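Student: Can you read through this structure? Questions will come right after.
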């Protein structure tokens, strides 16, 4: 949580006084405010489901398919769509990204 100076609108910083108490102070003007109670703020953000970077929701429809056992527990799917990308240096092998056609689980292999 950011607090701003009511006089000059610069950000207030927390500092320790000689009496070992905290205060908010402005580094631009002489404004000071003693902190007598705990100051905190908590915000929980809702996570958004991201689209595939591979090309959107229908991108996996045209991907190559191969017989690969799904590593997801409880899924006995043996077919997965996959694509390969060079994400590390050129002397490293390509990274394969898979999506199970049975349960939709995604994983990658280096």
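Each Cβ is built from the backbone N, Cα and C atoms, and glycine gets one as well.
Pulled from TrEMBL, these are the listed features:
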- 5, 8, 26, 29: Zn(2+) 1 binding site (BINDING)
- 70, 75, 100, 103: Zn(2+) 2 binding site (BINDING)
- 66-108: domain 'TFIIS-type' (DOMAIN)
- 5-29: zinc finger (ZN_FING)
Student: Including all protein chains displayed, how many Cβ atoms other than that of residue 8 (Zn(2+) 1 binding site) lie within 10 Å of its Cβ?
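Tutor: Neighbour count, Cβ to Cβ under the 10 Å cut-off: 11.
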Student: Determine how many residues of the zinc finger (5-29) DSSP places in helix, in strand and in coil.
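Tutor: Helix, strand and coil residues of the zinc finger (5-29) number 0 helix, 11 strand, 14 coil.
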Student: Tell me, if you would, which residue among 5, 29, 100 (binding-site residues) has the fewest other CB atoms within 10 Å in the structure shown?
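Tutor: Taking 5, 29, 100 as the binding-site residues, the minimal 10 Å Cβ count falls on 29.
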Student: Out of 5, 8, 29, the binding-site residues in the record, which is closest to residue 103 (Zn(2+) 2 binding site) when you go by Cα distance?
Tutor: 5
Student: Non-local Cβ contacts of residue 75 (Zn(2+) 2 binding site) (under 8 Å, 6 or more apart, same chain)?
Tutor: 100, 102, 103, 105
Student: Based on Cβ atoms within 10 Å, give me the single least packed residue among the binding-site residues 26, 70, 103.
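Tutor: The binding-site residues 26, 70, 103 were compared, and 103 has the fewest Cβ atoms within 10 Å.
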